[in-house]
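Colleague: Take a look at the following structure, please.
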Amino acid sequence: MAIPILDALTSSSGKKNSAEFSIHSTSNPTNPEEPNITSEADNAEDLAALGYKQEFQRGLSLFSVFSVSFSLLGLLPSVATTLPYSIGYTGTPGLLWGWLIAMVFIICIALSMAELCSAMPTSGGLYYAAAVLAPEGWGPLAAWFTGWSNYIAQLVGGPSINYSTAAMLLGAVNIGNPNYEVQNYQLFLVSIAIQFIHFILASMPTKYIAKLNSVGTYLNTLFLFISMIVILAMSSKNHGFNETSKVWSHIENYTDWPDGFAILMSFCGVIWTMSGYDAPFHMSEETANASVNAPRGIILTAAIGGIMGWVMQIVIAYTVVDQTAVVTGSDSMWATYLSQCLPKRAALGILSLTIVSSFLMGQSNLIASSRIAYSYARDGVLPYSEWVATVNPITKTPIRAVFVNFVIGVLILFLAFAGAITIGAVFSVTAIAAFTAFVAPVAMRVFFVKDADFRTGPFNLGKFSKPIGFCSVSFVALMIPILCFPSVKNPTPAEMNWTCLVFGAPMLAVLIWYAISGRKWFKGPRINLASEGDNSTLEGVELYTGSEELPQKKEKE
């Protein structure tokens with residue numbers, strides 16, 4: 001139940017009563033606008049009030065957790081990968097206006113997510129929030145739907161990034177040796193090799209992960225600026241820049257749909273690029289002062305990523321020589337674009353920087369996705385949850401969850417042998433699955449929970465919470481069907497957009513699983529709702545009374 005749950009969360013049994021302690025408010029009593037810098041014990045106590053014991057080391061600072069999510073955006077490789085959407089539908093106006101308009105709503109989603117993260121800083125993230133905020137009787141189903149949508153996005157996102165990295169790596173070989181032809185098995189093997197390296201890196205102790213991702217953030221930012229400077233300098237020297245009026249207003253519609261609808265379709269590029277800024281939410285149990293730093297990480301990632309990404313789009317729009325050749329060419333759009341505006345060696349150099357950034361992006365994805373797997377397994381959602389939900393006593397990281405995601409990623413990569421259409425359809429699901437999960441708990445907050453009954457954390461939107469949340473939900477509700485449209489009205493199988501099938505089929509499968517079996521044993525996240533002398537169980541969640549043993553999934557009835 002949404003309202004009683006929110007009240008009960010602030011009166012958990014233990015050392016402090018509800019008048020003294022609330023997990024949803026850690027403001028400084030002398031200055032309510034200035035949050036306290038909480039201690040390790042305070043972080044653990046906040047987490048215990050959410051129903052979980054502290055198992056990770058809180059070794060991530062604000063910059064560290066921002067580094068994970070910013071690296072996961074991978075602006076340089078993401079912009080390169082999404083050119084078929086951003087410029088491939090409406091030309092340069094799609095690059096510029098598409099990114100700018102969509103970012104307004106993406107920032108709204110980030111703000112709404114950050115507010116929930118501040119109130120409920122747990123690795124379960126969106127899945128946990130959906131259960132707590134859902135109306136009476138719907139908590140378990142809301143958590144199940146949100147959790148699986150988010151997990152599917154993460155599972156598919158990692159292999160898609162690594163496959164793109166492998167394709168760019170072998171494409172660089174092709175630039176050096178034009179007679180070289182890339183084979184599917186080579187893409188598969190290189191992708192697996194990259195994924196295995198990520199498995200090793202994501203299993204390291206948190207302090208090393210923090211350092212690695214900090215370095216990754218610096219490199220991603222540096223490489224992005226180097227790429228923009230080189231492209232601008234070479235273009236200015238060789239062929240000049242495109243006219244401003246043409247760049248901003250001359251629509252080259254490469255679809256069968258009206259210009260306005262085609263611009264909306266171009267939003268796919270920025271939506272795919274920005275589908276990783278929820279990572280701080282899932283890393284909150286490893287973050288110091290999580291109710292403050294994790295939401296800040298979400299907002300910083302969305303804002304800085306959005307601005308820097310748009311600047312990169314402006315650079316491309318003003319320097320592309322022949323956008324029709326880029327869109328209709330048989331080679332990679334990014335490679336074609338670079339070859340137009342740069343000499344061969346410079347193009348190869350920028351492509352190399354893109355490959356390194358893409359590698360770091362994939363590594364961040366596995367870190368975030370493994371924490372999601374761990375949090376879901378801890379609540380009994382995944383098969384063999386008892387085995388998966390284990391933190392290695394030496395590294396203090398969920399190595400088994402990392403391994404599970406690595407294996408599933410390898411299985412997904414086998415689809416590369418089925419051809420470009422199949423593997424492309426699988427990978428296109430990342431954006432729609434991620435943003436469906438992003439707004440599910442926001443919708444619960446907007447439509448089912450009154451402001452007076454929602455106890456905010458140090459970061460909150462105040463009276464703007466519901467208006468911003470409504471904008472977030474409306475945007476995603478509009479974009480979901482648009483992202484499923486093909487670019488032509490009468491598509492062949494090769495031209496069809498299979499996103500609706502690739503996302504719909506597994507989601508339908510997990511919903512059927514819930515109807516047949518899951519509803520009998522899955523009661524939502526296990527949270528500590530009982531105050532002293534009160535053993536009542538609230539619907540929509542499963543009571544966990546603080547046993548030292550890890551809660552296990554109930555036996556199937």
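Note that Cβ sites are derived from N, Cα and C of the backbone, with glycine treated the same way.
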Colleague: Name the residue range among 261-281, 429-449 that Swiss-Prot annotates as transmembrane segment.
Modeller: 261-281
Colleague: May I ask you to indicate which of 117-137, 348-368, 369-389 is given in Swiss-Prot as transmembrane segment?
Modeller: 348-368
Colleague: How about long-range neighbours of the transmembrane segment (498-518): same chain, 6 or more residues beyond its ends, C-beta under 8 Å?
Modeller: 140-141, 144-145, 148-149, 152, 421, 425-426, 428-429, 432-433, 483-484, 556
Colleague: Against the transmembrane segment (297-317), which of these stretches has the most C-beta pairs under 8 Å: 60-80, 94-114, 261-281, 348-368?
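Modeller: If we count Cβ pairs closer than 8 Å to the transmembrane segment (297-317), 94-114 scores highest.
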Colleague: Out of 261-281, 348-368, 407-427, what stretch is closest in contact terms to the transmembrane segment (60-80), meaning most Cβ pairs under 8 angstroms?
Modeller: 348-368
Colleague: Give the nonlocal contacts of the transmembrane segment (214-234) in its own chain as ranges (CB under 8 Å, at least six residues past its ends).
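Modeller: Here the qualifying positions are 63-64, 66-67, 70-71, 74-76, 308, 311-312, 315-316, 319, 338, 341-343, 346, 349-350, 353-354, 356-357, 360-361, 363-364.
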Colleague: Same chain only, please: residues at least 6 beyond the ends of the transmembrane segment (348-368) with a C-beta under 8 Å from a C-beta of the stretch. Say none if there are none.
Modeller: 68-69, 71-78, 80, 154, 157-158, 161-162, 164-165, 168-169, 171-172, 175-176, 194-195, 197-199, 201-202, 209, 212-213, 216, 219-220, 223-224, 226-227, 230-231, 276, 278-279, 282-283, 334-335, 338, 342, 402, 405-406, 409
Colleague: Which listed range (261-281, 407-427, 468-488) shows the maximal number of Cβ pairs under 8 Å with respect to the transmembrane segment (94-114)?
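Modeller: Going through each listed stretch, the top one turns out to be 261-281.
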